[in-house]
Amino acid sequence: MAKTVLGIHVTFLTLLFAVLLLNDVMYTPVEKICERASGTWKGICIHSNDCNNQCVKWENAGSGSCHYQFPNYMCFCYFDC
């Protein structure tokens, strides 16, 4: 009887440890992405590819895209926060 109880405790602790370990591995925090209007773009933004290239090359952003913000389309750059 004592061996059975000990075996149950060992099995339970092993499963608990595995669940806690897998829970920590499965959780990966997502980095936040910050958006701000391009400081180097002039005029209306029509082509997102051009905006993306300018944000990446000139402003060291991860990416860029055209979005509407009153009163026109603007180039927005995306950075890791």
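Cβ atoms here come from the backbone N, Cα and C positions, even for glycine.
Taken from Swiss-Prot, the feature signal peptide applies to 1-31.
Around Cys81 (disulfide bond), the same-chain residues six or more apart in sequence whose CB sits under 8 Å from its CB are Glu31, Lys32, Ile33, Cys34, listed in sequence order. The secondary structure of Cys81 (disulfide bond), as reduced to three states from DSSP, is coil rather than helix or strand. What Swiss-Prot lists as disulfide bond is Cys34-Cys81 (among others), and the listing cites similarity to another entry.
Summarising the annotation, Swiss-Prot assigns disulfide bond to Cys45-Cys66 (among others) and lists similarity to another entry as the type of evidence. Around Cys66 (disulfide bond), the C-beta neighbours below 8 angstroms that are at least 6 residues distant in the chain are Cys45, Ile46, His47, Ser48, Cys51, Tyr73, Met74, Cys75, Phe76. Secondary structure at Cys66 (disulfide bond), as computed by DSSP, is strand.
Here Swiss-Prot flags Cys51-Cys75 (among others) as disulfide bond.
Under 8 Å, Cβ to Cβ, and six or more positions away along its own chain, Cys77 (disulfide bond) finds Glu35, Arg36, Ala37, Ser38, Cys51, Cys55, Glu59, Ala61, Ser63, Gly64. The annotation disulfide bond is assigned in Swiss-Prot to Cys55-Cys77 (among others) on the grounds of similarity to another entry.
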Task: Three-state secondary structure, which DSSP defines for Cys45 (disulfide bond) - done: coil
- [ ] Would you count the other CB atoms within 10 A of the CB of Cys55 (disulfide bond), including those on all shown protein chains?
- [x] 25
TODO: Look up Cys34 (disulfide bond) in the DSSP assignment and report helix, strand or coil.
DONE: strand
Open item on the list: For a quick check of packing: other C-beta atoms within 10 Å of the C-beta of Cys34 (disulfide bond), how many?
Closed with: 11
